[in-house]
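This report concerns only the one structure given below.
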Amino acid sequence: MSTDNKQSLPAITLAAIGVVYGDIGTSPLYTLRECLSGQFGFGLERDAVFGFLSLIFWLLIFVVSIKYLTFVMRADNAGEGGILTLMSLAGRNTSARTTSMLVIMGLIGGSFFYGEVVITPAISVMSAIEGLEIVAPQLDTWIVPLSIIVLTLLFMIQKHGTAMVGKLFAPIMLTWFLILAGLGLRSIIANPEVLHALNPMWAVHFFLEYKTVSFIALGAVVLSITGGEALYADMGHFGKFPIRLAWFTVVLPSLTLNYFGQGALLLKNPEAIKNPFFLLAPDWALIPLLIIAALATVIASQAVISGVFSLTRQAVRLGYLSPMRIIHTSEMESGQIYIPFVNWMLYVAVVIVIVSFEHSSNLAAAYGIAVTGTMVLTSILSTTVARQNWHWNKYFVALILIAFLCVDIPLFTANLDKLLSGGWLPLSLGTVMFIVMTTWKSERFRLLRRMHEHGNSLEAMIASLEKSPPVRVPGTAVYMSRAINVIPFALMHNLKHNKVLHERVILLTLRTEDAPYVHNVRRVQIEQLSPTFWRVVASYGWRETPNVEEVFHRCGLEGLSCRMMETSFFMSHESLILGKRPWYLRLRGKLYLLLQRNALRAPDQFEIPPNRVIELGTQVEI
């Protein structure tokens, strides 16, 4: 490691603490309270407290430290992570049928994320504001309004970007974790016997003593590891080593000390169960703690919102969601984006959730099903990558998968008990997103196949036009083409109706590669098909936004001079009608028509001046 890298490592690690660990770092606000609040029939006896603490600690070790940080983070696509990246990697060296199954798993995982992301800001901010019940009990009726006000401000500032505010995230979250550690250590010193719960035998004893009820209680224990997926999803922003370093040096010790500190407090004062986190603090520190808890939960919510924007952009670029307006809020960092439609839809959903559930304890009952479902899918996809891409021994990979599923499946099954008490919410939202993504992908494929059924050869058509040219007019025409060797619809209709052709014709295809970024050297490929026809293929990664002006600049460097304001862009605009279908496919077709009508039009997607665009309409039956 170079000197420069050594100097920058602390800064990157600090930044990772500020962004990556917001969700899991605010879990102590509510996790142990939900475990021991009486909903499972446990009292605050020593065996129950020690059992829950042991389960929480060893889940943090096994799921976060071993599974995600050690194993899953090995699977990266040019340094990027996330469930859709894992899906893409897993399907690279498999059969078509297996790839289809893996794609479905990846889309379900992505859909689950959309389901949980509605709950995360609500439960995080509400659990912090609920500290008012301790500071000033008479203000408890203000918890819901204040939570909505805080989140309204957060969603309103999204369009301005978080570059300036983001600089404060890291020091605030570092302070938060140090406070977690300090509060916990203070309580542990007063009752050090709680450290016996570090022994995993207490977790085993917990299951043996409480049997079926202990299994159901896993639905509350899982709250301690929500946010684990963010470590993998944010890998591209900070790198593997800083994320791992932050976990083992700051986050894990702080979480452990705080959970065990809460346990020590409950053994000494069972009445503290109403809010063991805030009651760890002395009276004089309650208001400052409430303020920094609110800030920490806002930061956790911001990380989740940014994650939704990133996942949506990736899904759009990979063709699983319809094109939508994406605004870059930073000239320096391509990952800082704002998607207005997603932002306000998420805001409305979060407000409805807060008003409907009214208390973080009620939200906790809805939290966990989608998280644990994603954990199961991550285990299957990551071990598939280990076998197919890394060529690990199949028996060793099977052993790893069994070990992961022995933890993931019980956690997921235990959370199914929450289905009627609120777990239906993330599952319903996830199901809607899965239907939307699969509908757009499959119907889009059906449309393109229908449009390319004419079967005419591009080479033959160009040869015919060069041999018997129509009237040629001065200038350059660019025809946007979705496929490389297919005649663009706009070209056929221009010749059919206008019977003219420009002196120079460029067939432009914008392609999304299976990588986050494409190097500028490989950005543009130019091929001259005839004296007056050129084919240009511009490649972009799924973290990049295509820009025709940049493509023209690259073409100029390669010897094909193009000027935006002297070029006419011909595009086809499809007017879709539904053909005869079974009722269920007709419903899917109607959903696709709705998505198509509201999709961002091509000129806006590719930043083409509207006065240079000519759209030729055509009716297509699907």
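Quick reminder: no glycine exception, Cβ is built from N, Cα and C everywhere.
As annotated by Swiss-Prot, transmembrane segment applies to 9-29 (among others), with the evidence given as sequence analysis. Panel annotation: around the transmembrane segment (9-29), residues 1, 64, 120, 124, 127-128, 166, 169-174, 176-177, 180, 223-228, 230-231, 234, 237-239, 241-243, 245-247, 249-251, 254-255, 258-259, 262, 277, 293, 296-297, 299-304, 306, 360 of the same chain, lying at least six beyond its termini, place a Cβ under 8 Å from a Cβ of the stretch.
The transmembrane segment annotation in Swiss-Prot covers 49-69 (among others).
Taken from Swiss-Prot, the feature transmembrane segment applies to 103-123 (among others).
Using a Cβ-Cβ cut-off under 8 Å and counting only residues 6 or more beyond its ends in the same chain, the transmembrane segment (137-157) has close neighbours at 121-122, 125-126, 129-130, 165, 294, 298, 301-302, 305, 343-344, 346-347, 350-351, 354-355, 358-359. Residues or ranges marked as transmembrane segment in Swiss-Prot (evidence: sequence analysis): 137-157 (among others).
If you look up Swiss-Prot, you'll see 165-185 (among others) marked as transmembrane segment, on the strength of sequence analysis. Only residues 6 or more beyond the boundaries of the transmembrane segment (165-185), in the same chain, are considered here, and those with a CB under 8 A from a CB of the stretch are 14-15, 17-19, 21-22, 25, 28, 157, 250-251, 253-262, 280-281, 289, 292-293, 295-296, 299, 302.
Listed as Cβ neighbours of the transmembrane segment (213-233) (distance under 8 Å, sequence separation of 6 or more from its ends, same chain) are residues 20-25, 27, 30-31, 34-35, 39-42, 51-52, 55-56, 59-60, 63-64, 68-69, 72-73, 81-83, 86, 113, 116, 120, 206-207, 243, 247, 255, 259, 300, 303-304, 307, 310-311, 364, 367-368, 371-372, 374-375, 378, 410-411, 413-415, 417-418. Per Swiss-Prot, transmembrane segment is recorded for 213-233 (among others), and the stated evidence type is sequence analysis.
Within its own chain, the transmembrane segment (247-267) has Cβ neighbours under 8 Å at 13, 17, 21, 24-25, 27-28, 31-32, 36, 44, 46, 49-50, 52-53, 56-57, 60, 64-65, 69, 174, 177-178, 180-181, 183-188, 190-195, 197, 224, 231, 273, 276-277, 279-280, counting only residues six or more beyond its boundaries. Residues or ranges marked as transmembrane segment by Swiss-Prot: 247-267 (among others).
Per Swiss-Prot, transmembrane segment is recorded for 276-296 (among others), and the stated evidence type is sequence analysis.
Annotation source Swiss-Prot lists transmembrane segment at 337-357 (among others).
What Swiss-Prot lists as transmembrane segment is 363-383 (among others), and the listing cites sequence analysis.
Positions annotated as transmembrane segment by Swiss-Prot, on the basis of sequence analysis: 396-416 (among others).
Residues 107-108, 110-116, 118-119, 315, 320-321, 349, 353, 357, 362-363, 365-370, 588, 591-592, 595 of the same chain, all 6+ positions outside the transmembrane segment (419-439), place their C-beta atoms under 8 angstroms from a C-beta of that stretch. What Swiss-Prot records for 419-439 (among others) is transmembrane segment, and it gives sequence analysis as the kind of evidence.
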